[in-house]
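According to TrEMBL, the features are:
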type	residues	note
DOMAIN	335-432	domain 'PDXDC1/PDXD2 second'
DOMAIN	442-545	domain 'PDXDC1-like third'
REGION	615-696	region 'Disordered'
COMPBIAS	651-661	compositional bias 'Polar residues'
COMPBIAS	670-681	compositional bias 'Polar residues'
REGION	709-732	region 'Disordered'
Amino acid sequence: MLPEPLFHNLSPINPGIVILEYARAISRMQHVGEQGHMALLGHSLAAYISVLDRERLRKLTTRILSDTTLWLCRLFRYENGSAYFHEDDRDGLVKVCRLVINARYEEYASEGYSVLGSRQPVIYQSASGRPGLGQHLCSQLGLPLSSLCTVPCNTIFGSQHQMDIALLDKLIKEDIEARKLPLLLVANAGTPGAGHTDKLARLKDLCDQYSMWLHVEGVNLATLALGQVTSAIMAASRSDSMTLTPGQWLGLPAVTAVTLYRHEDPALSLAAGLTSSQPVAKLRALPLWLSLQYLGHSGIVQKIRHSTALTQQLLPKLKTLASIKTLVEDELSSPVVLFRFSQEISSASSGGSVEGHCAGEKEVLDAFNRWLGEQLLQLVPTSGVDVVELEDEGTCVRFSPLLTAEVLGTQEENIVDIMEKLSELVSVMCSTMCLRQDFREESHRHSPSLSYVQQLSWPGLGAVRYEPRAEGMDESRRKQEMQKINSELLKKLQDLETDIIFSTGPEFGTEEDCIFVGMVTEDVDVSELVDTLASLGRDIEESGRLLDNMTEVVRKGILEAELQLQKANEEKLMEEGALRQLPLVGSVLNWFSPSQSSIKGRTFNLAAGSLDSTETTYSTKAQPGRPSLQDSSTSLRKQPGQRLFRRSGAGSDSFSETSSIGPAEETTRDTSAIPSESINPPASHPVVEEDPHTASVVVPGYIQETGQVQLEDGGASEERVPDGQEVEQSGE
């Protein structure tokens with residue numbers, strides 16, 4: 001029972017809401033097969049089994065642990081091994097290091113870390129290993145970072161991702177001469193980035209020579225379960241320990257990692273934490289035990305074989321694409337496919353000079369490959385591809401079905417989908433790469449209105465910025481004007497009927513107030529695209545200046561109108577006399593002797609910026625000479641059968657017609673025309689507004705939709721006349 005005060009504070013839970021939320025969670029869950037449900041069931045059973053009496057619990061957990069260990073050792077060809085089950089896949093290596101320290105330093109159990117001062121232990125790892133693994137080991141073991149030695153990979157001969165064995169031998173000898181103790185070597189059977197395997201056989205011989213412990217980890221260890229295993233991977237079975245992640249390989253959720261090791265002293269294993277005397281700790285093997293029982297040996301092998309077969313199906317297809325470069329060393333058995341879009345930028349321009357364009361070529365290709373990986377994952381979610389950053393090759397796309405196939409349900413037909421989408425994406429990237437230099441030159445041609453922005457990390461045609469004319473403007477005002485124009489320009493471009501993507505660029509980009517143009521197809525007319533950018537920017541700039549000028553004209557006109565109204569009132573007073581201005585007396589006098597005023601009204605012409613007489617309006621009963629309003633913005637219309645920004649007669653069969661727009665019409669501007677959207681509709685009462693840029697005053701009450709303002713005689717009152725109606729002047 002909950003405590004009484006706490007119970008009152010709890011609100012009742014609607015069971016329907018709980019069921020609905022559970023259904024939503026199920027719909028968002030990853031693909032979980034029957035073996036996955038069996039693993040989840042194991043966690044529940046472990047909780048129930050833990051309440052058994054101690055003797056029965058000990059017998060049951062010992063049987064589960066021994067059976068699981070025996071099956072894993074037979075399955076992955078690791079004879080006479082012991083198993084340690086752990087949640088964190090790095091925890092097994094930490095425990096193994098403690099085991100080796102206890103074994104190599106006999107007084108460590110009694111003296112502790114003080115015995116390490118005589119001979120500092122050294123842990124060796126590959127430069128292609130897991131990032132942060134060595135630092136984690138040192139922090140967990142209480143060792144200084146000087147105890148960690150990172151071995152470079154081959155730089156001249158051999159693979160760029162395999163440990164340099166000759167250099168490792170040299171480093172070990174130097175440490176021995178410095179009275180250090182070579183303790184342990186961490187090797188890779190499938191590097192985290194490229195999936196390459198170190199020369200494990202030679203590394204094992206080197207470790208035996210210097211009495212070092214060899215630990216192996218990597219995704220390629222899964223292939224040990226297959227019938228045919230390469231000699232490079234088979235050498236992992238000779239290692240002193242290795243860490244397996246069967247949950248990833250078999251699609252088992254919430255299943256622990258396993259570290260298999262060989263050591264004859266159970267006391268040292270217990271001291272290192274590799275074994276436990278607590279029966280409940282042994283229940284961590286139960287979910288994996290149930291899953292292995294359910295799948296059987298044939299089921300496990302079939303799933304691993306299915307994942308490796310997917311890579312063998314994709315690899316030859318990738319070789320048929322001219323602009324795709326594969327980076328797989330052991331092509332016959334590698335479970336990881338690494339590829340990269342590669343095209344020479346120096347020969348990419350369709351016209352014009354490309355001198356100096358190769359600068360930053362690698363960064364541009366990295367940006368394109370990053371975009372390629374993101375698009376592939378979005379278009380084919382079941383592919384499970386991801387983007388990796390390699391030191392030498394740069395950004396690459398990785399397909400590792402051993403880590404994703406069982407979770408995502410990747411099948412052979414998904415390989416066909418990958419190739420179809422990849423062909424379309426490569427075609428678009430090649431077209432964009434070819435037109436980048438043309439876009440740059442066309443942008444320079446429109447200087448200083450357009451400035452080309454060098455953004456190598458942008459996967460697209462390029463970036464430009466419209467530069468307003470800075471005549472008489474300070475720097476802050478100029479930046480504000482540039483931000484306003486480019487923001488409005490981006491909105492207009494995004495409203496165009498085209499497949500080209502215009503955006504503000506990367507989320508964490510350094511350039512501001514720029515227009516970033518995305519991927520395009522080969523039929524895009526770059527010259528017309530840049531002309532449209534410059535034309536739209538110029539129209540926006542001139543529209544803003546016209547509005548500012550019109551605001552100043554209206555302000556001056558209102559001041560002049562106020563003076564003329566005041567003068568007209570004075571003339572009316574002199575003409576009619578003071579008695580007629582009194583409310584009661586004036587009404588009586590006007591009744592007996594109506595006054596005929598000779599003073600007429602005034603009309604304010606916005607186009608001319610002048611006050612005119614309304615005598616013509618009263619005589620002709622019509623408004624004289626109204627200027628027609630025109631929209632100053634450029635109107636982009638498609639010609640029949642032609643799309644925006646596309647060359648006439650050019651066809652495109654590329655990426656979903658990505659990009660292109662048709663010819664832009666030249667904008668004709670009448671200097672007397674006023675943008676209709678810049679005139680606000682009048683309010684019921686005059687409201688005075690001040691423009692922050694021009695410090696002008698706009699009185700919407702005086703402005704008519706016709707572009708003119710009627711100023712009537714009559715004291716302090718003015719009446720707004722609707723469009724098309726005449727104004728009758730009263731004698732009052």
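Note that the numbers count up from 1, one per residue, in the order the chain is shown.
Cβ coordinates come from backbone N, Cα and C, glycine included.
Note that TrEMBL annotation is computational and uncurated.
Keep in mind that what you see is a predicted model, and the values were worked out from it rather than measured.
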The domain 'PDXDC1-like third' (442-545) [mean pLDDT, rounded to integer]: 85
Residues in the domain 'PDXDC1/PDXD2 second' (335-432) grouped by DSSP into helix, strand and remaining coil: 54 helix, 16 strand, 28 coil
Helix, strand and coil residues within the domain 'PDXDC1-like third' (442-545) as assigned by DSSP: 44 helix, 15 strand, 45 coil
